[in-house]
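Asker: Structure in structure tokens, see below.
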Amino acid sequence: MCGILALLGCSDDSQAKRVRVLELSRRLKHRGPDWSGLYQHGDCYLAHQRLAIIDPASGDQPLFNEDKSIVVTVNGEIYNHEDLRKRLPNHKFRTGSDCDVIAHLYEEYGESFIDMLDGMFSFVLLDTRDNSFIVARDAIGITSLYIGWSLDGSIWVSSELKGLNDDCEHFESFPPGHLYSSREGGLRRWYNPPCFSEAIPTTPYDPLVLRRAFENAVIKRLMTDVPFGVLLSGGLDSSLVASITARHLAGTKAAKQWGTQLHSFCVGLEGSPDLKAAKEVADYLGTVHHEFHFTVQDGIDAIEDVIYHIETYDVTTIRASTPMFLMARKIKSLGVKMVISGEGSDEIFGGYLYFHKAPNKEEFHQETCRKIKALHQYDCLRANKATSAWGLEARVPFLDKEFINVAMDIDPQWKMIKREEGRIEKWVLRKAFDDEERPYLPKHILYRQKEQFSDGVGYSWIDGLKAHAALHVTDKMMLNAAHIFPQNTPTTKEAYYYRTIFERFFPQNSARLTVPGGASIACSTAKAVEWDAAWSNNLDPSGRAALGVHLSAYDKQVPSVSPGIPEILDNVHLKMEVSTPGVAIQS
């Protein structure tokens, strides 16, 4: 991932303003440690912090068309850039960068080219011929992006809040699947998939069609000029990603550069469910496996850094981001710059355990649509920023546009969880890869129950966080929570603790409004809480809150203060170890 920052139409083109833009751009340097660039045209500035994945030698940004009248700063990957180049035979490209096609596509097709891009991206494009500009974000919001407005009439765009929050009067998350056009003076949606309509799909389930669609989504993400690996938790989604990658790596350009040995990475507390399952999958697939351990105290010590980088106070996002943040640092230290991950599957297939309670296929489908539309505020935000904090890029094949079209076109009756028929969560995905002749995974891994990442790294992780928060937030503080935080009032001591840290870094009202709120059970939307009346008394984003569904569900609601808290923390020891050697790059 890279970091982009743009200041458009400001009233000051002085050297002091240029210095300020450079200063703010440096706040994003963690996203792109390989090179920095800044282009100024009158009262417009386009800055870029580069993480070099494709064409590291010559793909520095901002990028231009032939006569440099079109300028673009981009964060992301365009997987179909080679095909797009073939559609532009009369254009000359300055670099081999996948993002180089954007300026030329605009020159050829105007603002209507966005849907031609197959990838994840956020970009700002400036047409110096009339000083117009466009801003666009990928379909689902895999890459992070914010837009802000200053009192002088200027518009700011940044990959992260910290790039613009101090200089804008108001700012907000740039909506995924949208385009901002200065000519039209507003936003418009460019991504309108069939699943976003009100109609309930009726296409029969075809396991081979689903399998081929996902294999294609993984294969196209093997495009890289740098060392890479896969994140492997041992759950269904990451294990399928690893299996497909291992199966198809040999014939790729990446294999010719770096060898056919796939590297996999996992993080967890000592003895956690994920570590055990991931090791088994890695042994089955023959990957070079890297297992990272952390303690509850390691995670607690990192919370402030995590909130600064992830830019949220959402409880479940912080719980899951912390181990991912720690793992990303270790991965980058091994010389790896890109990883493929399994985010998005649970939203598409109704994989969260609360989907067991969906009353009918219509409600099931509508909830999956709500979850997909909200991904940019939760799992995409986590995966993007937890890895980008250390200059690591995460790619997510489940959120491939073509795969989403196939998966979301299936009659949701097939996705419904029917335990009496042996159909557990994500049964359609599991069945699609249940190949007796050439197995993708061991059966018990293929049919392993869903574990949310924050649970799978070790159940004591969440319990330890709650205990730590209880030591720092008093009952008296909770009584005043609604007065201190009237927007998205924290209802638990853990939420209150995170909120105070977030407000210290991002005190503006606009910042707190970028974070979603509402009741949730096991990562549900507020609407799905209505599916079971008992859930309203057990609201917690952990999968273990799905009473009667999760095999290790909470016996009862964990109290906000426990007499055993000091003992829990006294027994936490600082430890972070790597059980395998660094990545050996083959020439």
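Note that the numbers count up from 1, one per residue, in the order the chain is shown.
Glycine residues also receive a Cβ, built from the backbone N, Cα and C atoms like all the rest.
Sharing the record's features from TrEMBL:
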| type | residues | note |
| --- | --- | --- |
| ACT_SITE | C2 | active site, for GATase activity |
| BINDING | D98 | L-glutamine binding site |
| BINDING | L231, V267, S341, G342 | ATP binding site |
| DOMAIN | 2-185 | domain 'Glutamine amidotransferase type-2' |
| SITE | E343 | site 'Important for beta-aspartyl-AMP intermediate formation' |
Asker: Which of the recorded positions C2, D98, L231, V267 has its Cα nearest to the Cα of E343 (site 'Important for beta-aspartyl-AMP intermediate formation')?
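Answerer: When the Cα distances are compared, L231 comes out closest.
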Asker: As a test of reading the model: what is the averaged pLDDT for the domain 'Glutamine amidotransferase type-2' (2-185)?
Answerer: 96
Asker: Under 8 Å Cβ-Cβ from G342 (ATP binding site), six or more apart in the same chain: what's there?
Answerer: L231, S233, G235, D237, S238, L240, V241, V396, F398
Asker: Pairwise over L231, V267, S341, G342, annotated as binding ATP, what's the top Cα to Cα distance to the nearest Å?
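Answerer: Max Cα-Cα spread across the ATP binders: 15 Å.
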Asker: Find, among the binding-site residues listed as D98, V267, the one whose Cβ has the highest number of other Cβ atoms within 10 Å in the structure shown.
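Answerer: Of the binding-site residues D98, V267, the highest Cβ count within 10 Å belongs to V267.
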